[in-house]
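Student: Dropping a structure here in structure tokens format, bear with me for questions.
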Amino acid sequence: MFSARSIFNTVQRRAFSVSAQQNSKVTVLGAAGGIGQPLSLLLKLNKRVSDLALYDIRGGPGVAADISHVNTKSSVNGYDPTPEGLKAALDGAEIVLIPAGVPRKPGMSRDDLFNTNASIVRDLAKAAADHAPKAKILVISNPVNSTVPITAEVFRSKGVYDPRKLFGVTTLDIVRASRFISEVKKTDPANEEVTVIGGHSGHTIVPLLSQSNHPDISGEVRNQLVNRIQFGGDEVVKAKQGAGSATLSMAYAGARMADSLLRAAQGEKNVVECTFVESPLFKDQGIDFFSSKVTLGPEGVEKIHEIGPVNEYEQGLIDVCLQDLSKNIAKGQAFVKENP
Ligand SMILES: NC(=O)C1=CN([C@@H]2O[C@H](COP(=O)(O)OP(=O)(O)OC[C@H]3O[C@@H](n4cnc5c(N)ncnc54)[C@H](O)[C@@H]3O)[C@@H](O)[C@H]2O)C=CC1
Ligand SMILES: O=C([O-])CC(=O)C(=O)O
């Protein structure tokens with residue numbers, strides 16, 4: 001005899017098996033925070049997400065109950081802040097987004113968050129390595145230049161590191177660059193793509209305007225635009241007057257990055273995002289991670305693009321970037337070795 005429930009489950013499974021690849025569990029760690037809440041809402045609106053798992057050290061089930069009333073098809077579950085809750089949130093996840101950790105206050109650099117966020121990310125990475133070793137991990141928590149190497153070291157120490165599946169989310173820099181250049185040029189940002197390479201803090205953020213639709217931008221206009229892209233985060237931190245940093249634009253950017261990975265996983269070709277990954281581009285200079293254009297595929301990173309032609313001004317920005325970046329990466333790697 002079939003119970004009504006098992007018939008329902010069978011029908012539901014059949015419905016999904018028509019497009020089996022659409023069974024995608026996405027987990028948000030830090031789901032009740034300033035980024036976590038709008039990010040979770042945007043993921044609830046994404047048809048490619050079938051199961052949304054929300055975990056936080058406080059408030060996860062409440063946010064899940066709220067979002068679960070949105071009338072899209074996916075299921076939403078909130079988990080208690082226990083090891084069992086975290087395990088259940090991670091079990092079977094295809095994508096894990098990590099916006100857990102403290103944000104900046106005015107006057108702080110992203111690196112000033114290291115002391116608090118390094119151990120938060122390390123511990124969540126340990127849980128992800130144990131319970132979702134094949135998931136694509138999208139690290140949002142700052143300082144991204146260090147928290148991504150931390151996550152890599154944790155996965156490596158547990159013997160499950162696959163560099164194709166670890167991403168530092170730098171999408172907000174791309175979103176800002178597109179928006180800010182459209183303001184200067186009075187164009188529609190939908191038509192503006194700017195490649196932004198390097199890392200995700202101040203001078204490590206390197207916009208390549210020479211490769212945009214407006215390679216002619218020069219002089220003071222260019223300097224101001226580049227500075228605004230590099231320090232866009234500070235603009236928000238200052239405006240929020242101690243109440244945190246970018247959350248809504250970051251949620252939008254994180255949802256875009258997750259969607260790009262889901263589209264690539266479901267067979268779409270030529271999905272390209274700039275993202276901070278283990279990269280061969282500057283390995284000869286001891287820099288293991290770098291953000292550049294990456295073609296995404298079913299397994300995550302499919303192809304890391306060359307940087308392409310840059311002008312003298314941009315080469316100067318890259319040189320400065322590499323100095324900071326190598327220190328940020330080394331700091332993350334050393335942290336895990338000293339605090340396993
Ligand atoms: N990659 C990027 O472009 C950006 C990164 N960020 C970073 O994202 C992080 C989060 O920012 P907000 O959401 O504004 O902060 P928030 O303080 O509003 O939220 C953080 C959430 O993380 C939770 N949390 C703390 N420890 C946790 C743990 N061990 N497990 C699970 N959850 C935990 C907190 O309870 C809180 O709900 C910050 O580090 C911030 O600097 C912010 C904007 C852009
Ligand atoms: O500025 C911050 O601290 C948050 C962040 O990473 C950004 O907005 O780009």
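Positions of Cβ are set from backbone N, Cα and C atoms, glycine also.
Note that this is a predicted model, so its numbers are computed, not measured.
So TrEMBL says this about it:
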type	residues	note
ACT_SITE	His200	active site, proton acceptor
BINDING	Gly30, Ala31, Ala32, Gly33, Gly34, Ile35, Gly36, Asp56, Asn117, Ile140, Ser141, Asn142, Met250	NAD(+) binding site
BINDING	Arg104, Arg110, Asn142, Arg176	substrate binding site
DOMAIN	25-168	domain 'Lactate/malate dehydrogenase N-terminal'
DOMAIN	170-336	domain 'Lactate/malate dehydrogenase C-terminal'
Student: With DSSP as the yardstick, break the domain 'Lactate/malate dehydrogenase N-terminal' (25-168) down into helix, strand and coil residue counts.
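Tutor: Helix, strand, coil within the domain 'Lactate/malate dehydrogenase N-terminal' (25-168): 64 helix, 26 strand, 54 coil.
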Student: Out of Asn117, His200, Met250, give those recorded positions positioned within 10 angstroms of Asn142 (substrate binding site), comparing C-alpha atoms, in sequence order.
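Tutor: Within 10 Å Cα-Cα: Asn117, His200.
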Student: Name the residues of the same chain, 6+ apart in sequence, whose Cβ is under 8 Å from the Cβ of Arg110 (substrate binding site)?
Tutor: Arg104, Asn142, Pro143, Val144, Asn145, His200, Ser201, Gly202, Gly233
Student: Give the residue from the binding-site residues Ser141, Asn142 that has the most other Cβ atoms within 10 Å of its Cβ, counting over every protein chain displayed.
Tutor: Ser141
Student: Just the binding-site residues from Gly30, Ala32, Gly34, Arg104, Asn142 whose C-beta lies under 6 Å from any atom of ligand 2, please, or none if there are none.
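Tutor: What lies within reach of ligand 2, judged by Cβ under 6 Å, is Arg104, Asn142.
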Student: Under a criterion of Cβ-Cβ distance under 8 Å and sequence separation of at least 6, what residues of the same chain contact Gly30 (NAD(+) binding site)?
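Tutor: Within the chain, Gly30 (NAD(+) binding site) has Cβ neighbours under 8 Å at Gly36, Tyr55, Asp56, Ile98, Pro99, Ala100, Gly101, Ile140, Ser141.
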Student: Could you measure between Ala32 (NAD(+) binding site) and Arg176 (substrate binding site) for me? Cα positions, answer in whole angstrom.
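Tutor: Cα-Cα distance, Ala32 (NAD(+) binding site) to Arg176 (substrate binding site): 24 Å.
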Student: Where the record says Gly30, Ala31, Ala32, Gly33, Gly34, Ile35, Gly36, Asp56, Asn117, Ile140, Ser141, Asn142, Met250 bind NAD(+), what is the longest distance in Å from one Cα to another among those residues?
Tutor: 18
Student: Counting only residues 6+ apart in the same chain, whose Cβ is under 8 Å from the Cβ of Asn117 (NAD(+) binding site)?
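Tutor: For Asn117 (NAD(+) binding site), the qualifying residues are Gly101, Val102, Ser141, Asn142, Pro143, Thr147.
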Student: How would DSSP class His200 (active site, proton acceptor) in three states?
Tutor: coil
Student: Here the recorded positions are Arg104, Arg176, His200; which one has the lowest number of other Cβ atoms no more than 10 Å from its Cβ?
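Tutor: With the recorded positions Arg104, Arg176, His200, fewest surrounding Cβ atoms within 10 Å: Arg104.
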